[in-house]
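Okay, handing you the structure first.
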Amino acid sequence: MAETSEEVAVLVQRVVKDITNAFRRNPHIDEIGLIPCPEARYNRSPIVLVENKLGVESWCVKFLLPYVHNKLLLYRTRKQWLNRDELIDVTCTLLLLNPDFTTAWNVRKELILSGTLNPIKDLHLGKLALTKFPKSPETWIHRRWVLQQLIQETSLPSFVTKGNLGTIPTERAQRLIQEEMEVCGEAAGRYPSNYNAWSHRIWVLQHLAKLDVKILLDELSSTKHWASMHVSDHSGFHYRQFLLKSLISQTVIDSSVMEQNPLRSEPALVPPKDEEAAVSTEEPRINLPHLLEEEVEFSTDLIDSYPGHETLWCHRRHIFYLQHHLNAGSQLSQAMEVDGLNDSSKQGYSQETKRLKRTPVPDSLGLEMEHRFIDQVLSTCRNVEQARFASAYRKWLVTLSQ
């Protein structure tokens, strides 16, 4: 075991080199982790590489982390010089152990801007860090910065024009979107209600996918099973609410464009060889009422199957809110603050009541069906929390219709 500063320096340099060599031997490493090992029992490297998994024996972290941390700070204060390769290796090791060290990410930003570091490699490093620290805010922030650099490259446009079909994601953009969705999904599975992961997923839809309708529909479909397996995950259900609201907003925008420019609805002349491609890229037609009805049925099944989960009742409020505005033909630019009335805050209650009264009166049929659903739940449930949430939902509906 190393004791003197010289021995620690030799040990750490060897470990950093072993980590670098591990990535060179296997560039497809997809997960990192700590191996519980209080002491160094054998005279061997504490870095273990098995297939695509990289492990670090825990005994060396107390030497490794302070050393690389101090080394980078000395570089930033111009008290010690590090060449580019050393910077890449030191920041890589540091971020795998502590991904919320902002200075290390900033150094790598400088390396990317100078052309020394491939931004794709930084996406991979961030993905690895998220397998151990799935909620790391600095990692998600840096990831968005890297993606912005990629989509801003003039030689790599994110979207291409397809005649009257508007713009669709390029193959490169589609690949990036798919990879980011996978990273977000893995992080959300590792940490419950991972707000940072779901927020990043929304950012990807807004900035990479440009709220493409087909991608929004695919996301709504692909996250349905996940939501049914994580019925207490507020962030996951908020994501579905974002998808539904975005689909409604995009449909409203498209309808308004069609009204202003009727020629847009005329079919474009497509060469025979491009007909198949045009069909495959044409935006699907959306039946919004049917889409929301399906979400109501999904909500009903979950509430019946998993009683006592507040997340499910909050989600149902949002669905009814969207149906309510869609049926009334109202714009969805208003804030969706429908998480309930806070009895302990009189001011909050007053503001919520005023906001709800500004909205159109909900259709009587939909409101009646919701009250029937609440009556059915209250008459059959034995769960105290379920009854409380159902009563709160009824109170919200009454306030909405006043």
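Including glycine, each Cβ sits where the backbone N, Cα and C put it.
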Scan 103-122, 263-282, 283-302 against Swiss-Prot and say which stretch is down as region 'Disordered'.
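My reading of Swiss-Prot: the region 'Disordered' range is 263-282.
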Residues sitting near the repeat 'PFTA 4' (219-252): Cβ under 8 Å, six or more positions beyond its termini, same chain?
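Those are 181, 185, 188, 192-195, 197-199, 201-202, 205, 211, 213, 286, 288, 291-292, 295, 298, 302, 306, 309-312, 314-315, 318-319, 322, 326, 331-332, 336, in sequence order.
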Is it possible to list how many residues within the repeat 'PFTA 2' (122-155) are helical, extended or coil according to DSSP?
26 helix, 0 strand, 8 coil
Hey, which bits of the same chain come close to the repeat 'PFTA 3' (180-213), Cβ under 8 Å, at least six residues off its ends?
127, 130-131, 134-137, 140, 143-144, 147-148, 151, 158-159, 167-169, 173, 219, 222, 226, 230, 232-236, 238-239, 242-243, 246-247, 249-251, 283-284, 286
